[in-house]
Amino acid sequence: MNPKHRKPFSKDILHIENIEEVCNNITEKLRNDVVFKLQRRGAVIGISGGIDSSVCMALSAKAFGPSKVTAIMLPEQDSSEDSKNLALKLADTFNVKILEENITHALDGFGCYQRRDEAIRRVITDFDPNIDKAKIEIRQNIDQNIPAIFSITVIKPDGKTISKLLPAKEYLQIVAATNFKQRSRMSMLYYHAERLHYAVIGTPNKHEVEQGFFVKYGDGGADVMPIGHLYKTQVYQLASHLGVPQEIIDRTPTTDTYTAEQTQEDFFYQMPFESMDLIWYGWENGYSANEVGKVMDKTEQKIHNIYKSFERKKKTTEYLRMRPIF
Amino acid sequence: MITSIDIKNKIKDYIIKTTLANVEDIADDTLIFEEGLLDSMGLLFLIEFLKEEFDITTNDDELIVENFESINNIVDFTKSKL
């Protein structure tokens, strides 16, 4: 963007003024992509009770009509019960047919839990998956200007926590095992999509796509991603406009992947969405760290370090967005 | 006893080997993260290398840029842990 033609950086810079028009444009594009480009007659979407899948389902209902949308809950043994209740409420709100496919047995078959727990136990020897809860998290601040390194945290029944830096081998095994969850969900979504001659609607937002917060051929495996260009705060704006239930809007985004409660901020983003959206926009559109820092009440150096972190995340995750090379 | 020069050579060799960089592109004060030579996994493997080669364990609170941003910094960090 030519700096002369751009708006001064402000906290409102991502606010969508013409929300109705934006929703109409997205639904029209979604309809055209699915019907004409993909030549499918409806949409299958996995819903988790989270904000992104809720907005995608609401957009799909608007694009195709509720009767041409099938929502699928894909819980497993570590999913929270809240997710199911919210997903049911969402489907009811938009009058969309909903199915439940529990993938716990499939994951057991892959050895997902056993492979994950075995790796955790190599780091924290007294980890007992039957009673303890576990999660992986980044414990450095985003502005420390060093690539993110994950730690494993185990929470004992009495609330005592044990946290250790994850060695490479164990980190990779835990992630690889856990990714069976997203990949099993993708397989099940395609089963239903093929059965119905529908398309699979992917739910990642702009941050997930560009920072690589998705599993390749897992939640990144879809036919169309209607909110892949939207910042998280814009997704919330759409949610309110489309009438997504308030409990879903108010819920803190979680990964719903590990046994211990874990926000997406702890796991990956290292900062609140409201700030991340604005600073990412500033970085992507060439606003100086000084200009952004003044608005965000942070030093120029901190914004510079966050810009560096974004660059690193985008570069490191390029592999996830790449098609097979031939 | 291992000398500072030995430590530096081993660390430098490791970084050159794992990043496939040209020797002349990496000076002792090259900022390895800024230059994109190491990412998260690269740093994790480096920590593992330090453990295997020098038997030093890196703790959570030592994961700061001052300990890892260049070969000189990694050498200083390693020496402080030996």
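Positions of Cβ are set from backbone N, Cα and C atoms, glycine also.
Bear in mind that TrEMBL entries carry predicted annotations, made automatically and left uncurated.
The ATP binding site annotation in TrEMBL covers A:G46, A:I47, A:S48, A:G49, A:G50, A:I51, A:D52, A:S53, A:T203, A:K232, A:T254. In sequence order, A:S83, A:I248, A:R251, A:P253, A:T254, A:D256 are the residues of the chain that are 6 or more apart from A:G50 (ATP binding site) and have a CB within less than 8 Å of its CB.
Residues or ranges marked as Mg(2+) binding site by TrEMBL: A:D52, A:E208. The local packing around A:D52 (ATP binding site), expressed as other Cβ atoms within 10 Å of its Cβ over all shown chains, amounts to 23. In the three-state DSSP reading, A:D52 (ATP binding site) counts as helix.
The deamido-NAD(+) binding site annotation in TrEMBL covers A:R183, A:K216, A:D223. Every protein chain shown contributes to the tally, and the Cβ of A:R183 (deamido-NAD(+) binding site) ends up with 20 other Cβ atoms within 10 Å.
The feature domain 'NAD/GMP synthase' is assigned by TrEMBL to A:24-110 (among others). Per-residue confidence over the domain 'NAD/GMP synthase' (A:24-110) averages 96 (mean pLDDT, predicted model).
Sequence annotations record features per position, and here TrEMBL assigns domain 'NAD/GMP synthase' to A:153-315 (among others).
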Fill in: Three-state composition of the domain 'NAD/GMP synthase' (A:24-110), taking helix and strand from DSSP
52 helix, 13 strand, 22 coil
Worksheet item: Relative to the Cα of A:D52 (ATP binding site), which of the binding-site residues A:R183, A:E208, A:K216, A:D223 has the closest Cα?
Response: A:E208
Worksheet entry | Cα distance (Å, whole number) from A:S48 (ATP binding site) to A:K216 (deamido-NAD(+) binding site) | 19
Worksheet entry | Where A:R183 (deamido-NAD(+) binding site) sits in the secondary structure, as DSSP reduces it to three classes | helix
Item to complete: Give the three-state DSSP assignment (helix, strand or coil) for A:E208 (Mg(2+) binding site).
Response: helix
Worksheet item: What residue among the binding-site residues A:T203, A:K216, A:T254 has the most other CB atoms lying within 10 A of its CB?
Response: A:T203
Worksheet item: For A:S48 (ATP binding site), what is the tally of other C-beta atoms lying within 10 angstroms of its C-beta?
Response: 24
